[in-house]
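According to TrEMBL, the protein has these features:
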DOMAIN    25-82  domain 'Potassium channel'
TRANSMEM  33-54  transmembrane segment
TRANSMEM  60-90  transmembrane segment
TRANSMEM  127-148  transmembrane segment
DOMAIN    138-217  domain 'Potassium channel'
TRANSMEM  189-209  transmembrane segment
Amino acid sequence: LPELRAFLRSYEAAMAAGIRVDALRPRWDFPGAFYFVSTVVSTIGFGMTTPATVAGKVFLIVYGLFGCAGTILFFNLFLERIISLLAFIMKACYERQLRRSGLLPPNFRKGPAMSGVGSLVGWKPSVYHVMLILGIFAITLSCCASAMYTAVEGWNYVDSLYYCFVTFSTIGFGDLVSSQNAAYQNQGLYRFGNFIFILMGVCCIYSLFNVISIVIKQVLNWVLKKFECRCCPKCHKSGARLGRRNAITPGARLRRHNISVDADGQYDSDTEGRRLSGEMISMRELTASNKVSLAILQKQLSETANGYPRNVCINTRQNGFSAGVGALAIMNNRLAETSDSR
């Protein structure tokens, strides 16, 4: 009882002086310091423990600069590996489904598939399927972590779920913080499990947020495309004209080089290079108007005959950042809906 009274007096004096209550109990042992550093580099920042000396603040600035950068790199590498693993599993399931439906022969490994399915060498998973899998995994992980926090910390299940989302999404309000009691039953095991849950939860939610950002970008592009130039007839006509810029029209080369100009600067229907609609065009004019299309067609025929170029696949496997740097570049390399520019 006297100890409790002394503690209450210290508590009231600390509250009157504006001192943080959590500063009354020392927490700078090695597990507490490790927990503090992990919340710093993961950008959670609960705020339950902060450096008080000038040397500690300077060390935090220097360490946080490299620690946060290394943590972001770790998150990107985790995203690349988890997307590669999901792509491998989903590709195997898709190939098995094709075999069961009879669209692929039993000994199929590489090359074009049957019945117009297309080659599985360049097959990529759907971004929506990946988002669904990551969402299910994040919910399962949060439910398991909430069960642990409810049993150990004494919170109700809703507060535990709230804490998991705030922590895994690196928001870190600090109203609920785990591992803050003086002693726990099986304290070492609980702190290790807390660290594993926070690490896996932050990585999983980081990956899920990046996939959701890709989906949001696609939805916004779709909405903008629907509302594009509907109120401007001139832009609509110019867009329709640009959509047929590769079309073969008789007399295109003559109009391109402007070889038929009158002395008065007026264009005639005959001198402009236009022909009658029933008149045929020459092979030279055909190849000149579709030189790029023929080159692309030749490349596609060569890749179809010889298979996909191996150097592209090798570079993609060796370097996950080949098409850019960051999480969005990884998603563009790995998923199907982000392969084409939208």
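Cβ atoms are placed via backbone N, Cα and C, with glycine included.
Proximity of distant same-chain residues to the transmembrane segment (60-90), defined by a Cβ-Cβ separation under 8 Å and at least 6 residues beyond the stretch ends, is recorded for 37, 40-43, 51, 124-125, 129-130, 133-134, 202-203, 206-207, 210, 320, 326-327, 330-331, 334-335. Residues of the same chain lying 6 or more positions beyond the ends of the transmembrane segment (189-209) and with a Cβ under 8 Å from any Cβ of it are 31, 35, 38, 42, 44, 75, 78-79, 82-83, 131, 134-135, 137-138, 141-142, 144-145, 148, 152, 164, 167-170, 178-179, 327. Averaged over the domain 'Potassium channel' (138-217), the predicted model reaches a pLDDT of 93.
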